[in-house]
Amino acid sequence: MSRKLFASILIGALLGIGAPPSAHAGADDVVDSSKSFVMENFSSYHGTKPGYVDSIQKGIQKPKSGTQGNYDDDWKGFYSTDNKYDAAGYSVDNENPLSGKAGDVVKVTYPGLTKVLALKVDNAETIKKELGLSLTEPLMEQVGTEEFIKRFGDGASRVVLSLPFAEGSSSVEYINNWEQAKALSVKLEINFETRGKRGQDAMYEYMAQACAGNRVRRSVGGSLSCINLDWDVIRDKTKTKIESLKEHGPIKNKMSESPNKTVSEEKAKQYLEEFHQTALEHPELSELKTVTGTNRVFAGANYAAWAVNVAQVIDSETADNLEKTTAALSILPGIGSVMGIADGAVHHNTEEIVAQSIALSSLMVAQAIPLVGELVDIGFAAYNFVESIINLFQVVHNSYNRSAYSPGHKTQPFLHDGYAVSWNTVEDSIIRTGFQGESGHDIKITAENTPLPIASVLLPTIPGKLDVNKSKTHISVNGRKIRMRCRAIDGDVTFCRPKSPVYVGNGVHANLHVAFHRSSSEKIHSNEISSDSIGVLGYQKTVDHTKVNSKLSLFFEIKS
């Protein structure tokens, strides 16, 4: 053996050539090296619910009960993001969203070096397999072990996983191991809780800053993108206008003509259309007259139908508080245009027009309530609706002013009732079984012309074998992630509704991310599942004198 060859073998042995694969071998399919990094004093942001503002500032602790960050055992952890405005969106109390309250945003920082490991996929089974981890132990528990940190930490004291916050968004979501998260120092960034029932208003005002640098979706000019509105002023002006409207002679007379619950829906809409036209003659709403020509939503028939539908939902004994607001507000196609009224007010006082539009909307809904038997004082009903419509205005306005992105359909879109829906990729349309773990499926949704609502989604399930991961199922609109409220119905179907109103069309696209969890490796056969399609429900329409939601069905395939 030559000296040169011996030296080469010796160097190869010292460098590990011929030894077992390195920590990163096989990881390229799940790890994005270009977005992974090591940082000293790594910081991120976390949104906290009302009631936990004081406790979180004392340090991060794993909750003893609840979801502990996620329903899926693999993904239980402390969640944060690089965008403080996105973090603010998690400060609302989901159990009592109509309280008006919000918590806070905190900045959390690790001491020393932290490795951020960026993932390309969110399928825990695939990640564990490609990284050579145990397939039976929860992913995030393994991330906190010394072995994992030694293999993937590049000399750092800990490893934090990262995933895109939502499709179309440049923000990132960080998943921290609970034990590792105890080392985080906590600093208050902004406190919404001190505003009481106005906390959510402060939160939305704060979040509006997030899109300050994005180009406006509409063509009226960039100066209207993310307008800095004073919501307290708008609320006060709105309530003043409502009182003025109620005492106005013609409006007062029209209110006295309000039909009762027994009147036909057609007569009810006719009355509300007349009421709408009468209200527009009020001098306090003079600015709106100059905008009506470019905003079709001010057609009386639209307002009338909207008000009737809102009233019917409010009157329902089975609807919960969330459904009585967000569901009601997303019934009528085109109602999203109300939120874009400021875009038609180029030469006017935008804040004034916003207040006027909310006042008129509130009065219409309050006047519709008696039509279905809800005996509520008109002022009280209108004031409560002010809270809801302001929140709706903010949510949709912020969504519309985010940069639009190409839907990137890779399968033929299904066109129906003005909507266009498709699977993102062929792989998304396949539900694979025969393994424990989770899979994500993306659906692209848009509308051909007028903005249309996405009211809810119906997902087929097999309890105990194929369940919906409620915490990871969401919908994103132009990069803004909106969580969904899901509940099981009829045992084998899960019903999910966006927690904030969602509209698509006119350049606005939505990405629905459905996450399924398999607690068993048992194979699933197609005849076991109640339906072979996912249903997307849109606006309400009347078919054979019966109200139904527009429904789009996307068929999937079961494979083992």
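Note: Cβ is positioned from N, Cα and C throughout, glycine not excepted.
The shown structure was predicted, so the numbers you read here are calculated from the model rather than taken from an experiment.
Annotated features in Swiss-Prot:
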- Glu173: active site (ACT_SITE)
- His46, Tyr90: NAD(+) binding site (BINDING)
- Cys211-Cys226: disulfide bond (DISULFID)
- Cys486-Cys496: disulfide bond (DISULFID)
- 1-25: signal peptide (SIGNAL)
Assigned conformation of His46 (NAD(+) binding site) - DSSP reduced to three states: strand
Cβ atoms near Cys496 (disulfide bond) (within 10 Å, other residues, all chains): 22
Number of other Cβ atoms within 10 Å of the Cβ of the residue listed as 'active site' across all protein chains: 21
Three-class DSSP secondary structure - Glu173 (active site): strand
Cβ neighbour count (within 10 Å, all chains shown) around Tyr90 (NAD(+) binding site): 21
